[in-house]
Structures are given as C-alpha cells and as structure tokens.
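Encoded as structure tokens, the structure appears first; notes follow it.
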Amino acid sequence: MALGRVGLAVGLWGLLWVGVVVVLANASPGRTITVGPRGNASNAAPSASPRNASAPRTTPTPPQPRKATKSKASTAKPAPPPKTGPPKTSSEPVRCNRHDPLARYGSRVQIRCRFPNSTRTEFRLQIWRYATATDAEIGTAPSLEEVMVNVSAPPGGQLVYDSAPNRTDPHVIWAEGAGPGASPRLYSVVGPLGRQRLIIEELTLETQGMYYWVWGRTDRPSAYGTWVRVRVFRPPSLTIHPHAVLEGQPFKATCTAATYYPGNRAEFVWFEDGRRVFDPAQIHTQTQENPDGFSTVSTVTSAAVGGQGPPRTFTCQLTWHRDSVSFSRRNASGTASVLPRPTITMEFTGDHAVCTAGCVPEGVTFAWFLGDDSSPAEKVAVASQTSCGRPGTATIRSTLPVSYEQTEYICRLAGYPDGIPVLEHHGSHQPPPRDPTERQVIRAVEGAGIGVAVLVAVVLAGTAVVYLTHASSVRYRRLR
C-alpha cells in the first residue's frame, strides 16, 4: 500500500512539471525549456526520476517562426506612411503665374508674383526691362522660372518699377511710361506687399522684351532675381489691289500683308480665274521691316493681256505662321480692269497750242511742259467733249498760249491709276517774231523803270545826308 501511494505521488508530480513546461513553452516563443539532456523540446522524453525533475535547465535558442493563425492581429494592414506634399510657399522665394506670356498687340498684360518671405519694413522690389533675350548686355538667353541668388540686374536695362523710389539711383534710365511723373503711364505695379501685379497697359513692340525681377531686403535688394519674357503677336491685315491696265498690257494684281509680328513667315499662293499660278517668274514677293512690324508685298503678272479677253479675277491666299505650331490663313480676291488706250494729238493754231486726247477715263486732265523745264506750265482750262463710245470715257481738249522763248511742248495726261505708263505727246513750234512797236514799248517801260529806281535811290540818299547833318548840329549846340 505504501509503495503504491509513493508511486502515485511521483506520477502526479511528474505530470505537474510536464504541464509547467508546456505552459512556459507557449508563453515565450523565444525560449525553450528542456528537461534532461540537451535537445529539442519535441524530442525530450519526460523523466519520472525525481532527481531529474527537480533540476531543470534552460537553454536559449533562436526564435522560431510561428505558424500563421486567423487572429485579428495577423490580418491587420500596416498603417500607410505619412504623405509628403510640395514644400510650403513660404519657403519659396517667388512664385509667378506667368513666366512666358504671349499676348496680342495693343492688349493689356498682367503678371502676378508672390514673395512669401517679404515684410512691410524690409522688402524691396525692382523690375528692369531689356529689349531682347539675347541682348549684348545680357549675354546668353536667361533661363525662365529659375531663381538666381545674389545676382544684380545686368547693365543695359531700363527701370520699370522700384518699390523704394527714394532710394533709386539718380543715374538709372527709366523706361518710357515709367518712373516719377511719367505721362501717359505705361507700367504700374499694384497689390498688397508680397503679392505684386505688374500691369503693362499696352503691349507693343517697344514694351515687349525680357523683364528682370530683383528683390530682397532693403539693405540687400539683389538677394534674388528671376526672368519673365513678354512676347507680342500681331496678325497681318490683308488687302488686294488688281491693277488697271491699258489694252495690250498684261494683267496684274498686288496683295499686301501689312503690320504683322513676328515676321517668321508670310507665304502667298496666287490663283488666276480659280487656277493656281505655279510659275515663279510670274510672282514677285518682297518683305520689309517697319517700326510697327513687318510688311510683305506680292505681285502676280498674268500671261494674258488686256483687250484680248474678259478681265481676269485674282485671288491671293496668305498663310502667316505666328510660331512653330500656330498659323492663320486668309484670302482676298479682286478683278482687274482694262482701260482703252487713248489717242493724243497736238496742233498749233495762231498763238495757241492745242492738245486733244480721246477715250480717257473720267477725272483725267492735262499737264503742259515747255522746253527742259520739269515743272508744269501755267494752269489751263480743259474742255470735255463728246464720248468716244465707251462708258466712263470722254474726249478732252486743252489750249496753251505759245511761248516766245521755248520751242518744245509736251502735253501729258494726268490722273491715270498707278501702274499706267506715262501718256504724253511732244511737239515743236518756232516762236513768232515780236512786233517792233511792241519791242519799243517794252524797252521804254524797262528804261522808265530803271530811271524811277535811280531817282528813288537819289532821294533816299539825300534824305539820309540831311538827317545826319541836322543831328550833328544839334549835338554840337548841346555840348557848347
């Protein structure tokens, strides 16, 4: 009986230690408690010896991976990392809404810039204008949107604005329409301090260019700088002028694309009665630069001549490239007119020269020239006679008294449209001999005139002598 109780007690005691080992193994996955010889816990057999059970040893082992379980802790998603946005505007020295604006000629342009670090007592802003991006004073074309540090305004610019005008160097050159007392004012800067708005009242070829914004503290006004480029564009105005031609002259028409900018490319395509003109010898195009932009003139000459068929209708198509990606296209049309070739005759009747021109348009008149004199002779009346049978034309006649000094006479028609060649008639006539009595009268008049002139000179000289003598005597009496 006693031995049975002892055995039962030893068995219960062993079971208790096995339970403790299992609990400790589950509670600490990083440590394994072994009983008896070294080895894995799964291979160690529990010993019933009280001596072995009373002296357990612990051996540290590397952590073992745990099997995945369906617990909530294992299925929870990790927290997302905090989002990092752009830096705050307060850390940026400037922020402009437009660094390369392109606007129409004559429009009003606004450029807004923010200066987060500015204060009312320390902030100073200057804006300078340069004609072009590659100005010799600037050097290479500056980078837009780049903020430069400790860079003063390059030489050669014109000052547009200074927030501290009392500190402006008196030797600076103000841009036209800027500075104290400018009228009319072309530039203005408005808005609260730190949020400045540059306003260009009228964008032209003179007000476009590179604008350099330089700012900083009052004692360090060139701390930062940035460039803004302002560009202007001006679409061309298109006009067509079909030339009036005389019978036998080739038809012509001229198209003009005027005052456009920039002058990249202005291309003309010509059509005559709906058919394109391909022969480059028939088209002459020339471009010139003016103070207000560029102008291109293109003239087409037809192979057909007036009077041998109906008048021709010309169409010019203009393609203007504003930049490398934008272009506009316009058309203009007109019909040429044909004028009859006039007949001009000259005759001398008595003491007059008579010039007659038939089939001239309304508004045409005469101009007379004598000898080598390039200036017209005295104005003479022009009489219009009957029509020559064509609508809008008439026969006109003019008379001119003959000259006693000249023998060559030119009768020229004036008032024809541009492009019509000079129409004139030349004639010769010997001046008639003068009447002897008339010559004597002329000589008598000339002699009388000379005598009167001499008499007037003598009277004036005598009066001067008398006046000087009287003045001298009066002065002598006063001295005595």
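Cβ atoms are placed via backbone N, Cα and C, with glycine included.
Note on Swiss-Prot: of 106-120, 286-300, 301-315, 421-435, the range annotated with the feature region 'Heparin-binding domain' is 106-120. Cys359 is paired in Swiss-Prot with Cys388, the candidate among Cys316, Cys388 named as its disulfide partner.
For Cys355, the cysteine that Swiss-Prot lists as its disulphide partner among Cys255, Cys411 is Cys411.
Cα distances from Cys411 (disulfide bond) to the disulfide-bonded residues Cys113, Cys316, Cys388 are smallest for Cys388. Each residue contributes its Cα atom, and for Cys96 (disulfide bond) and Asn150 (N-linked glycosylation site) these two points are 19 Å apart. Ranked by CA distance from Cys388 (disulfide bond), the recorded positions Cys113, Asn166, Cys255, Asn331 have Cys255 at the top as the closest. The Cβ neighbour count for Cys113 (disulfide bond), using a 10 Å radius and every protein chain shown, is 23.
The closest partner of Cys255 (disulfide bond) among the recorded positions, by CA position, is Asn331; the full candidate set was Cys113, Asn166, Asn331, Cys355. With respect to their backbone Cα atoms, Cys316 (disulfide bond) and Asn331 (N-linked glycosylation site) stand 6 Å from each other. A straight line from the CA of Cys359 (disulfide bond) to the CA of Cys113 (disulfide bond) spans 71 Å.
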